[in-house]
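Asks: One structure, pasted below without further comment.
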Amino acid sequence: MKPDITFYRRFAADILSDKKTITIRNQAESHFNPGEKLRVGYEDNNDIFCTIEVISVVPVAPGDLTNDHARQENMSLAELQAVISQIYPGEQQLYVISFRRIDEC
Ligand SMILES: CC(=O)Nc1cc[nH]c(=O)n1
């Protein structure tokens with residue numbers, strides 16, 4: 001079965017150990033709703049590695065990212081800003097998807 005959302009493989013360990021509890025996405029992936037349960041897969045092969053429940057989806061401008069966002073990504077703010085500008089160059093509107101991991105697969 002296809003995942004509902006995918007992550008780069010390098011983020012999987014942090015998700016599975018509950019150190020990463022948000023993901024920042026663009027409009028194309030802002031359609032999730034609180035309470036929705038999502039199958040989570042690897043970006044490179046779509047293999048599913050866990051399930052998460054969406055807690056909230058909140059708009060954020062890249063310039064408004066904070067240390068609190070970085071802590072929830074298990075990164076420094078400088079690392080988070082670099083990752084976001086690499087994945088979403090030039091995007092002015094992003095969305096913070098907060099989640100809790102339900103289980104490993
Ligand atoms: C596949 C993909 O886009 N993964 C992302 C993007 C932004 N944040 C994140 O945690 N994972």
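Glycine too: its Cβ is placed from the backbone N, Cα and C atoms.
Values in this document were obtained by computation on a predicted structure and should not be read as measured data.
Pulled these from TrEMBL:
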- 5-103: domain 'ASCH' (DOMAIN)
- Lys20: active site, proton acceptor (ACT_SITE)
- Thr23: active site, nucleophile (ACT_SITE)
- Glu73: active site, proton donor (ACT_SITE)
Asks: Mind looking up the mean pLDDT for the domain 'ASCH' (5-103) in the predicted model?
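Replies: Here the predicted model's pLDDT, averaged over the domain 'ASCH' (5-103), is 98.
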Asks: Out of Lys20, Thr23, Glu73, give me whichever of these active-site residues has the highest number of other Cβ atoms within 10 Å.
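Replies: Per the Cβ count, the most surrounded site is Glu73.
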Asks: Take the C-alpha atoms of Glu73 (active site, proton donor) and Lys20 (active site, proton acceptor) and report the distance between them in angstrom, rounded.
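Replies: Approximately 5 Å lies between the Cα of Glu73 (active site, proton donor) and that of Lys20 (active site, proton acceptor).
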Asks: What are the helix, strand and coil residue counts for the domain 'ASCH' (5-103) according to DSSP?
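Replies: Residue counts for the domain 'ASCH' (5-103) by secondary structure: 31 helix, 36 strand, 32 coil.
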